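Take a look at the structure set out below.
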Amino acid sequence: MAKTYYDQDVNWSVLEGKTVAIIGYGSQGHAHALNLKESGVNVVVGLYAGSKSKAKAEAHGLKVATVAEAVKQADITMVLIPDEKQADVYKEEIGPNLKKGSALAFAHGFNIHFKQIVPPEGVDVFMVAPKGPGHLVRRTFTEGSGVPAVFAVEKDETGKCFEIALAYARGVGSTRSGVLQTTFRDETEEDLFGEQCVLMGGVCQLMQTGFEVLVEAGYPPEMAYFECFHEMKLIVDLCYEGGMTKMRQSCSDTAEYGDYMIGPRIITEETKKEMKKVLKEIQDGTFARNWLLENRAAGRANFLAQRRLHKEHQIEQVGAQLRNMMPWLRDKKELEF
Ligand code: NDP
Ligand code: MG
Ligand code: MG
C-alpha cells in the first residue's frame with residue numbers, strides 16, 4: 001500500500017511567513033483559501049476584474065487582487081480555476097509573474113501532464129488534490145477533520161518541494177485524515193477514468209437507463225425515479241461506510257441474490273472491454289485533445305447542447321418535483337459555498 005502521511009509527518013515551518021496565492025474562488029478555491037487562512041497562512045485570492053467571486057471572497061475576510069498581482073506576492077501559487085481555462089490564464093497572467101524559487105501548485109494534474117502549462121526553470125511544481133468537492137473540504141475542516149488527499153511533486157527546484165506540498169496539505173486539513181503520494185500522470189489518468197467510467201459517466205447512464213426501461217414499460221415515472229435514482233444514495237452511503245459487505249447485509253437476501261446473478265449481465269465483459277478502450281484514449285491524449293478542441297474551436301457547442309439535453313431529460317423533471325415533496329431537500333437544490 002502507498003505510504004500515508006499525517007499531521008505529525010509535516011514540517012510546518014516551511015510555510016511560516018509564506019504567502020499563498022489562491023487563483024480562483026470556486027469549489028476548491030474557497031475551501032483552500034479559508035482553510036489555509038485559518039491555519040495561519042497569509043492568503044491572497046487572485047481573480048479577474050469583474051469576477052462574480054470577488055465580493056464573496058472579501059465578505060469572507062480574504063484579501064483579493066488581480067491574478068497577476070496575487071502571483072507577484074506569492075511564494076506558492078495554487079491554480080484553482082477550471083482546468084480548461086488554466087492554460088490561457090497561465091500564459092497571460094501567472095507565468096510571467098512567477099517568482100524564482102516559488103512554487104506553482106495544482107489540485108489536478110491535467111494541464112501539467114498534457115503539457116498545456118510548461119512552468120519555467122527555478123519554480124517548484126506540486127499537486128495537492130483533495131479527494132472530495134470543495135464544500136466538503138471546507139465543512140470537514142471546520143468540524144476538525146479533513147478530506148483525504150493525494151499529493152505529487154513534479155519538479156523540485158528548491159529541494160523543499162516535497163515538504164512544502166505536505167505542509168500545504170496540512171494547511172487545507174487533509175493530513176488530519178491522511179494524504180497519499182502519487183504522480184501527475186497517475187492522478188490525471190485515474191481521475192479522468194473514474195469520472196468517465198464510474199462516478200459520473202457510468203453511474204448517471206446506469207440510473208437514467210434503468211429509469212427509461214421502467215417508464216417505457218408503462219410504470220409511473222415517479223416510482224421509476226424512486227427505484228432507480230433516489231435509493232442510490234442509501235446504497236452508496238452504506239458502501240461508503242462499510243463496503244459492499246455492509247450494504248449487502250443491510251439489504252434483503254432477495255436483493256443480494258439479484259445483485260450477484262444480474263449485475264454481471266448489466267456490466268458485462270463488453271463493458272469492461274470498452275472501459276479499457278476509454279482508459280487507452282485517456283492515456284494516449286485522445287480525450288484531452290477532444291476536450292481542449294471543444295473549448296477552443298467549437299465554442300463548446302457539443303458540450304452545451306449535451307448539458308441542455310440532459311437537463312431536459314424526464315428523470316430530471318420528475319426528480320425536481322419529487323424532491324420538492326421532501327422538505328429536507330428543499331434548501332439543497334443549488335450548490336452553495
Ligand atoms: P470552479 O469551476 O469552481 O472555479 C471557478 C472559480 O474560478 C470562480 O471563482 C471563477 O470566478 C474563477 N475564474 C474563472 N475564470 C477565471 C480567470 N480567468 N481568472 C481568475 N479566476 C477565474 O473550479 P473547481 O474548484 O471545480 O476546480 C478547480 C481545480 O480543482 C481544477 O483543477 C479541478 O480539476 C480541481 N479539483 C476540483 C474538485 C471539485 O470538487 N470541484 C475536486 C478536486 C480537484 P467567477 O465565479 O467570478 O467566474
Ligand atoms: Mg476530475
Ligand atoms: Mg427495492
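A Cβ is built for glycine as well, from the same backbone N, Cα and C atoms used for every other residue.
Automatic, uncurated: that is what TrEMBL annotation is.
Feature annotation from TrEMBL assigns active site to His108. According to TrEMBL, the NADP(+) binding site annotation covers Tyr25, Gly26, Ser27, Gln28, Ser51, Ser53, Gly134. Taken from TrEMBL, the feature substrate binding site applies to Ser252. Residues annotated as domain 'KARI N-terminal Rossmann' in TrEMBL: 2-182. Marked as domain 'KARI C-terminal knotted' by TrEMBL: 183-329.
On the structure: features taken from TrEMBL.
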residue: Tyr25; record: NADP(+) binding site; Cβ neighbours (10 Å): 30
residue: Gly26; record: NADP(+) binding site; Cβ neighbours (10 Å): 16
residue: Ser27; record: NADP(+) binding site; Cβ neighbours (10 Å): 19
residue: Gln28; record: NADP(+) binding site; Cβ neighbours (10 Å): 27
residue: Ser51; record: NADP(+) binding site; Cβ neighbours (10 Å): 18
residue: Ser53; record: NADP(+) binding site; Cβ neighbours (10 Å): 18
residue: His108; record: active site; Cβ neighbours (10 Å): 19
residue: Gly134; record: NADP(+) binding site; Cβ neighbours (10 Å): 22
residue: Ser252; record: substrate binding site; Cβ neighbours (10 Å): 9
Just the number: how many Å between the Cα atoms of Ser27 (NADP(+) binding site) and His108 (active site)?
13
So if I take the binding-site residues (Tyr25, Gln28, Ser252) and measure from each Cβ to the nearest atom of ligand 1, which come out below 6 Å?
Tyr25, Gln28
Counting distance between Cα atoms, which of the binding-site residues Ser53, Gly134, Ser252 is nearest His108 (active site)?
Gly134
Expressed to the nearest Å, what is the distance separating Gly134 (NADP(+) binding site) and Ser252 (substrate binding site) at their Cα atoms?
35
Model confidence over the domain 'KARI C-terminal knotted' (183-329), averaged pLDDT
96
Rounding to whole Å, the Cα atoms of the residue listed as 'substrate binding site' and Tyr25 (NADP(+) binding site) are apart by 45
Among Tyr25, Gly26, Ser27, Gln28, Ser51, Ser53, Gly134, the record's NADP(+)-binding residues, the widest C-alpha separation in angstrom comes to 19
